[in-house]
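Asker: Got a structure for you, questions after.
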Amino acid sequence: MKKLTYRKIQSFQAIITVLVIFASFYLEYAAGLQPCPLCLMQRVCVFILLGLMGVSLGTVKKAHIVSLIQFQVACAGLYFSLRQLWLQSLPSDQAPACMPGLDVLIQYFPWQTVAKALFWGAGDCAEVTWTMFGVSMPGWAAMYFLSMAIMGLFLFFRTRTIN
């Protein structure tokens, strides 16, 4: 059996992450789904993860630190996706009120309101607009972030004794 190395694992994760990014842009531009604030935060986490994987492919030095940061970013993405799943599970009368688009929020509202919408979500985050095999988009995102967090933690413990 071939040995799984740090770079092979990170390369595989980078390929999965690129596929997730392509899927998110496909759903936005080809399928016409507008991302809610929590979706945007999840996308930011995916881009940060891809950047970390790119850094880790360049050098194996400090791989344990990169893996720990990868774990933390994946946990942040997991928070955003679980928050959105929770909002989607609320009855319609308990869901938060819809807010204007992010561009309008940034232009006309104070930064505290923008930050609250980005970190806590809004009414449009509670809408289920797309499912695959009965699982909504934040459910798939939660599975992705959970797998990235587990692999980040695994790589952290595996590489901290090497470096």
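Here the Cβ of each residue, glycine as well, is placed from N, Cα and C on the backbone.
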Asker: What does Swiss-Prot say: are Lys8 and His64 on the same side of the membrane?
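Answerer: According to Swiss-Prot, which assigns topological domains, Lys8 and His64 fall on the same side of the membrane.
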Asker: Do the transmembrane segment (10-26) and the transmembrane segment (65-82) come close, with at least three CB pairs under 8 A (pairs 6 or more apart in sequence)?
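Answerer: Judged by the Cβ rule, the two regions do not touch, with the required three close pairs absent.
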Asker: Using a 10 Å cut-off on CB atoms, tell me which of the disulfide-bonded residues Cys36, Cys39 is the least crowded.
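Answerer: Sparsest of the disulfide-bonded residues Cys36, Cys39 by Cβ contacts within 10 Å: Cys39.
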Asker: Please give the sequence-distant neighbours of the transmembrane segment (140-158): residues at least 6 beyond its ends with Cβ less than 8 Å from one of its Cβ atoms.
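Answerer: Same-chain contacts beyond the ends: 6, 9-10, 13, 16-17, 20, 42, 45-46, 49, 63-64, 67-68, 70-72, 74-75, 77-78, 80-82, 84-85, 132.
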